[in-house]
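S.K.: The structure follows.
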Amino acid sequence: MTQHMTRPLLQAQRVYKNYGANEVLKGVDLDVMPGTVVCILGPSGSGKSTFLRCINHLERIRSGRISIDGDLIGYRQDGDKLHELDEKAISRQRAEVGMVFQDFNLFAHYTAAENVMAGPVLVRGEDRTSARARAIELLTRVGLADKVDAYPRQLSGGQQQRVAIARALAMRPKLMLFDEPTSALDPELVGEVLDVMRALAAEGQTMIVVTHEVGFAREVADVVVFMDQGVILEQGPPTAVLNNPSNPRTQSFLSKVLT
Amino acid sequence: MTTEVQDTPRTGELEIRAIPPKHPWRWAAAAVVVLLAAMLVYSMLTNPRYQWDVVFSWLLARTILRGLLLTLALTAVSMLTGILLGVVFAVMRGSPNRLLSGAAGVYIWFFRGTPLLVQLVFWFNLSALYPRIVVGVPFGGPELTALNANALISPMTAAFLGLALNEAAYMAEIVRAGIVSVPAGQLQAASALGFTRMTTMRRIVLPQAMRVIIPPTGNQTISMLKTSSLVSVLAIPELLYSAQIVYARTFQTIPLLIVVSIWYLALTSVLTVAQGKIERRFSAGEET
Ligand SMILES: Nc1ncnc2c1ncn2[C@@H]1O[C@H](COP(=O)(O)OP(=O)(O)OP(=O)(O)O)[C@@H](O)[C@H]1O
Ligand SMILES: [Mg+2]
């Protein structure tokens, strides 16, 4: 167990990413230990979403390396060259990483249960009966036992986001990525989603959460990361980064969010 | 659409009666329409040149029914092929590969930009352009087998090719509109779950695109039923040409055209009802 804890689950090393002339990530380094929660804060356009999307290879990086559990993501190393993996191999890697989006992105033609079953049935080829049983179990866990057969349009934003979390969990991901999961929600619905995420963190799920909820970061995060203009300016325990930021840009950002 | 205001008077208060507005011009127009309709019906019943007896004697004639069957078969086969090819071209059109999407674009541009009648005659005369169709190594390599284009492109093949390839161009645009109607976020969510592009297309995109694709496809089918009459220029004995063969012999042109019209009307009416049913079934699934 202790030996397991020594290796980071996620290792991102000198990750560079650009869109044309726009350099979005300029050498991001981040280690995430298994069972920990990392919250990423930072101003709009700093590259937080882009970084998350690189972690499951929804975006190609220009240079650097990202590995999960020691497996290089998106590429196969051959000497000093990296070759992009084929679609099947990339899909298999993505299936190990859960992702929750700002806009929920539920499949509109599927019920809540069918959304949760989609991954296990269509990606892993599990049989529908056991997948449905597990979907109901997961939906119960996120407090939606009574919404199993509801379609997304019949659900509130908070309920949709909880279905989206259950859908990602159905793949038993090693790592969960959250991209501003509460930013599209009415204020009174934010709490129910954060509660689910809090419970997940308590169960030991490894999570990277991009959020503007400083309160959540303070309470749940093991590590808070402050990102600006494509680099990580500061990282450390929440008390250090949130209470005594050393970088002036972190200070000015926090003073804006906290007031 | 008249909106009639119905005030329910509350007891104890002043009663106000709402008088709906009068529309004298609307009534006048309606009267004119009734008059014209009556004149038309009267002339249809009394003008002997309609030859209703001839109409009814040919309506169920074997040659006409055979033509009708061929029309239905051509419509079904061309439409099905058009839909399948349309899906292929629509997916190509959306491909990140410029060559694939460009090729689909040129196809659509060409087949929508030239008249179907011209395309049909073109296919019919393909043997003038390529007298021999050769299977073998291209650009002057050895030939495996060569076919006489005249024998290969029968009028029936030309008709089928013309209708189906033209339809594919229109269906490609319809399917494309359906595909882009599915929010991009769902595609990302599918990728993030580990779906391959193929599974995403089959399980997430196309089922949702159907809602957008089905109504215009119904219209295309109804349109195809009527458009298939164009292949009469290739001497294919479908409904119209079957009637033409008869009246070329008997000179009963008008009655036979009436026979043809009755059948087209009957078929399009049936298809319209079916289309309504299918659309309602699909939207019912959407609303609940
Ligand atoms: N698909 C794309 N094509 C081109 N540029 C992009 C694309 N996605 C993001 N960018 C650019 O990359 C930069 C970083 O964007 P990103 O979405 O990662 O920021 P963010 O930190 O998540 O911001 P926010 O808090 O607003 O979500 C921005 O300048 C953005 O315009
Ligand atoms: Mg973002």
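Cβ coordinates come from backbone N, Cα and C, glycine included.
Below are the features listed in TrEMBL for this protein:
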DOMAIN    B:68-275  domain 'ABC transmembrane type-1'
TRANSMEM  B:27-45  transmembrane segment
TRANSMEM  B:65-92  transmembrane segment
TRANSMEM  B:104-126  transmembrane segment
TRANSMEM  B:146-166  transmembrane segment
TRANSMEM  B:230-248  transmembrane segment
TRANSMEM  B:254-274  transmembrane segment
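I'd like these features described in context: how deep, what's nearby, how far apart.
M.R.: Residues 74, 77-78, 81-82, 85, 111, 116, 119-120, 122-124, 126-127, 130-136, 224, 227-228, 231, 234-236 of the same chain sit 6 or more residues outside the transmembrane segment (B:146-166) yet have a Cβ under 8 Å from a Cβ within it.
Below 8 angstroms of C-beta separation, residues 49-52, 54-55, 58-59, 64, 68, 71-72, 218, 221-222, 225-226, 229, 239-240, 243-244, 246-247 of the same chain, each at least six residues beyond the ends of the transmembrane segment (B:254-274), sit close to that stretch.
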S.K.: Restricting to CB pairs under 8 Å, which listed stretch, B:27-45, B:104-126, B:230-248, is in contact most with the transmembrane segment (B:65-92)?
M.R.: B:230-248
S.K.: Which sequence positions outside the transmembrane segment (B:104-126), separated from its termini by at least 6 residues, show Cβ-Cβ distances below 8 Å to it?
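M.R.: 89-90, 92-93, 95, 149, 153, 155, 157-159, 161-163, 165-166, 168-170, 172-173, 227, 230-231, 233-234.
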